[in-house]
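Pulled from TrEMBL, these are the features on record:
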- 101-282: domain 'FAD-binding PCMH-type' (DOMAIN)
- Pro133, Phe134, Gly135, Gly136, Gly137, Thr138, Ser139, Glu266, Gly267, Ala268, Leu269, Gly270, Val271, Ile272: FAD binding site (BINDING)
- Arg317: site 'Important for enzyme activity' (SITE)
- Arg403: substrate binding site (BINDING)
- Tyr464: active site, proton donor/acceptor (ACT_SITE)
Amino acid sequence: MNDILDHRLRHSWTPEAGAGAHLPPKALRWLTARIGSLGEQAPISPDSAVVVPDSRLGEPARAALEAVVGADEVLTGRGDRLGRSGGLSYLDLLRHRHHGELDVPDAVVLPADPEQVRQVLDVCVTHDVGVVPFGGGTSVVGGVNALRGGKSSVIALDLARLDRLVSVDPVSRLAVLQAGVRGPEAERLLAEHGLTLGHVPQSFERATIGGYAATRSAGQASSGYGRFDDMVAGVRLATPAGEWTLGVAPASAAGPDLRQLVLGSEGALGVITEVTLRVRPVPEAERFEGFVLDGWERGAAAMRALAQAGDLADVTRLSDVDESEVSLSLNAGWKTAALRRYLTVRGIAEPCLLVLGWHGSSERRISARRKETVRILGEHGAIAVKPLGETWRKGRFHGPRQRDALLDLGVCVETLETAAHWSGVHRLRDAVRTALTGALTAGGHEPVIMCHISHAYETGASLYFTVLAAREDGDPAGQWQRAKSAACAAISGAGTGHGPLGTISHHHAVGVDHADYLAEEIGELGVGVLAAAKQAVDPAGILNPGKLIRTARP
Ligand SMILES: Cc1cc2nc3c(=O)[nH]c(=O)nc-3n(C[C@H](O)[C@H](O)[C@H](O)COP(=O)(O)OP(=O)(O)OC[C@H]3O[C@@H](n4cnc5c(N)ncnc54)[C@H](O)[C@@H]3O)c2cc1C
């Protein structure tokens with residue numbers, strides 16, 4: 001299991017990840033031209049060079065945990081604890097390269113089933129031990145950082161052994177999966193019943209069912225299958241106050257929907273042990289196509305028209321000019337000059353790439369859906385460049401694999417995401433770009449800021465930014481923290497005098513990184529409601545200290 005939890009992504013994001021980690025020479029030339037000379041090369045430090053403090057788990061607590069899960073499932077070795085020290089944000093990756101302090105758990109505990117999870121929580125209450133639920137460890141907001149919150153010690157509660165498909169109800173099209181099942185395994189288990197979840201975030205290869213639910217994840221095919229929270233019909237949650245099971249019918253007027261309190265609770269209100277999910281038949285046919293629109297505004301208008309007409313493809317993803325430039329020149333493998341000439345002849349001055357992907361029970365059904373979508377796109381001047389869709393599909397998991405290579409080259413590389421109603425989408429994008437550019441421009445070079453919409457709704461859309469800048473070697477963590485703070489202030493309105501322009505997170509969650517901005521979005525009253533809920537289920541405050549709701553001492 002350790003190899004998959006290793007944070008050196010290039011070799012271990014998945015066993016197949018090596019191929020996708022490669023950065024072609026033309027990519028490096030392009031990067032250097034855009035962001036200037038890169039920082040000092042900082043190869044990944046060997047594990048042995050990272051300082052790992054001794055475990056502070058007391059002997060009585062350890063013995064009690066072993067009595068619940070077995071001695072082999074309470075791990076206090078250096079490598080095991082290091083492998084669950086934080087998630088996969090840029091700051092986490094820097095910490096593994098000696099920039100900043102790693103929060104290392106005192107032990108890793110691996111329960112076998114929901115009952116053991118509940119008993120582990122009892123032990124932790126008794127012995128004043130903090131608990132960080134750990135799924136795939138792909139959090140990019142500090143969600144799995146092992147903060148103590150004033151507790152004597154803290155464990156990573158690794159849910160990897162909760163790896164079963166519990167039941168399938170084909171009549172209702174529901175399946176119950178345990179929390180530790182990873183994306184590919186969930187699809188494999190469901191495919192045996194002819195079913196699919198259709199949830200494919202970019203972290204699909206590592207992230208888990210419990211993690212998706214705890215963060216309100218959104219996958220690449222969210223336009224067709226919905227966000228993960230749309231798929232959840234029920235949850236089973238272990239809390240220090242007892243077990244909580246929610247979801248008995250497809251809809252209910254029995255008071256507020258408390259499943260929504262669990263979705264996005266980030267391990268602060270309980271440990272999700274099982275999730276009942278809406279599933280669909282495995283599609284018989286799939287088709288990906290590319291289109292190019294002239295400029296961001298026209299592209300976004302086309303996407304809005306599709307969303308409001310109910311004609312989004314299952315995957316619908318619009319890249320802005322900068323992101324399209326990268327896709328067209330670096331990844332597509334096309335003769336760029338020829339493609340550009342073609343687009344110019346067709347009247348496209350500022351290419352914005354739109355990828356559409358359809359799933360369906362037959363090619364005929366896909367063609368029927370596609371027809372109306374293409375008609376609407378035609379009204380917005382879209383030009384079909386069909387193969388670009390398939391090229392995107394093939395490379396869609398390469399990004400995570402290339403991050404270590406970029407870090408080795410001295411690149412500050414990170415993403416952030418938000419969402420707004422359509423009427424505010426452009427203002428939000430401009431504000432985030434201005435904030436990031438201001439914070440990251442150095443030596444006459446501006447950062448590369450790419451943006452895409454990959455989750456669209458009738459009323460609005462998410463904006464996903466990828467940032468590349470030359471790393472400031474004196475203080476690489478501070479460089480990104482300043483940029484991220486500026487972007488968060490712009491989004492949330494904190495300290496700016498204007499209200500929120502968008503949400504502080506569309507699908508990455510709050511974690512540590514966004515906790516300071518939550519009140520701007522949900523109000524102090526909202527934070528109070530969350531704190532009251534926490535008090536009800538976790539009065540001793542053992543669950544995921546410092547995440548979602550700020551506790552006194554991190
Ligand atoms: C390269 C990369 C690409 C990504 N792409 C996407 C994307 O396309 N879409 C998207 O939505 N996200 C994406 N993410 C973010 C991340 O993958 C999601 O937040 C994901 O849902 C986390 O799942 P996980 O199993 O890894 O959870 P973890 O990282 O282990 O945990 C995340 C949070 O949930 C809590 N948690 C985990 N399991 C449980 C449980 N069983 N019960 C209670 N709390 C729990 C943790 O304590 C933590 O607060 C990406 C991350 C990376 C590194």
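Note: Cβ is positioned from N, Cα and C throughout, glycine not excepted.
Because the structure is a prediction, the values reported are computed rather than measured.
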Collapsed DSSP category at Pro133 (FAD binding site): strand
Spatially closest candidate among Arg317, Arg403, Tyr464, the listed recorded positions, to Gly137 (FAD binding site) (Cα to Cα): Arg403
Lowest local Cβ density among Leu269, Val271, which the record lists as binding-site residues, within 10 Å: Leu269
Sparsest-packed of the listed recorded positions (Arg317, Arg403) - C-beta count within 10 angstroms: Arg403
Distance-selected recorded positions near ligand 1 (C-beta under 6 Å), from Gly135, Arg317, Arg403, Tyr464: Gly135
Among Arg317, Arg403, Tyr464, which are recorded as recorded positions, the nearest neighbour of Leu269 (FAD binding site) by Cα: Tyr464
Recorded FAD binding residues, Pro133, Phe134, Gly135, Gly136, Gly137, Thr138, Ser139, Glu266, Gly267, Ala268, Leu269, Gly270, Val271, Ile272 - maximal Cα separation rounded to whole Å: 20
Spatial neighbours of Arg317 (site 'Important for enzyme activity') among the binding-site residues Pro133, Gly135, Ser139, Gly267, Val271, Arg403 [C-alpha, 10 Å]: none
Cα-Cα distance linking the residue listed as 'substrate binding site' and Val271 (FAD binding site), given in Å to the nearest integer: 30
